[in-house]
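This report concerns only the one structure given below.
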């Protein structure tokens, strides 16, 4: 009986160890999990993945911070602007996909993303309908720039004088965000109908969408999950001067493909920035007990490099690192994008304004992604809207102002997975961990039986060393 147990333990130990090593080397269970995820992460009507894509369950908030101008007269005399940050004014962002249509072969799906904003008073510093902000007159600057390029110059000069337009204006937060009717724009609209009579930093963005997208469903390849192939009927942009800069790359930022490697560079197309951007791995994170890869927008995105030369408008007219001229896609308004407080921009932009305090924690854009599922656990998209201003001798409204990139406001669009969704995701991840750890469980059993085998071997040797008195007696006695 003892000898039988001895051989059984040894055989089981060897068999289990060989099996576990074979399973680990062949990655049998890991491949099974990966294939299951790849198969399920497809945009198919009626699935959980599709429902989450159509109506994202995670709460999204957008915070607006304005820069109130405290020394307007001094600025017109050539002094440095002194700005005071006012905010946040927080809104809940409600989003859903609509007008959904699948392609004939199931590999594509078209949709628009509707967005609406609901004010959150308890997360804000004041009432946007009451609070006043003094800021630079972007409609005036837009019209002045228009006058440089058209035959309407004399007419525009006359209108500015007649209506006594000022370079700095006061409006409520609500007006600056969602729009108001501007006197000068209304007059220009009569002669140039493509110029809207209304102005707002997010005018016609509440309760609307940014156009139709065509996405890949991931049916043919999981790496293509929710990847954009068309936007507003175009497979590429036409604003920039090179084919590379005009490419529409990646997803819309709401989702990413599963099974992400930290060595990957991920791409996304935020239409409000008028270009595609890439994000790179930064660190390992833990969000609500879930593992995550933190990806960040690198400084090179807005760097003054040869790779970004195609974003210089007009061609060859490149600005210093940290800012992007997007006036070409904003109906000619002299809008310059940057990170908040000119974070990661050239020092010249920071020092030109009193009140800029860039720091990583508050002004960096990032996204924390669960690498197994590609689900976003936490994220913050932060960028600043500025305008380009300079002295123009023919327009007295500009006074003796310095040439500069003038901050208007910045936003922080953030998302954080809720506990209920996190617990559901934990259940999925824990199940996959159990499956992928089966080889280690088998190995542990092999080690256990190996120890039993060793113990039985030692016990058997001890039994041979210790016998009865008769067994130890010599066979031949004298």
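Cβ coordinates are placed from backbone N, Cα and C, and glycine is handled just like the others.
Among the ranges 81-117, 118-154, 155-191, 192-228, the one that Swiss-Prot lists as region 'Important for interaction with GBA1' is 155-191. Range with Swiss-Prot annotation transmembrane segment, chosen from 5-27, 28-50, is 5-27. Residues near residue 105 (N-linked glycosylation site) in space but far in sequence (CB under 8 A, at least 6 apart, same chain), listed by position: 219. Ranked by Cα separation from residue 312 (disulfide bond), the recorded positions 206, 304, 329, 412 are led by 304. Candidates 45, 224, 304, 430 (glycosylation sites) were compared with residue 206 (N-linked glycosylation site); none lies inside 10 Å Cα-Cα.
There are 16 other CB atoms within 10 A of the CB of residue 206 (N-linked glycosylation site), with all protein chains counted. Taking H, G and I as helix, E and B as strand and the rest as coil, DSSP gives the region 'Important for interaction with GBA1' (155-191) the counts 23 helix, 7 strand, 7 coil.
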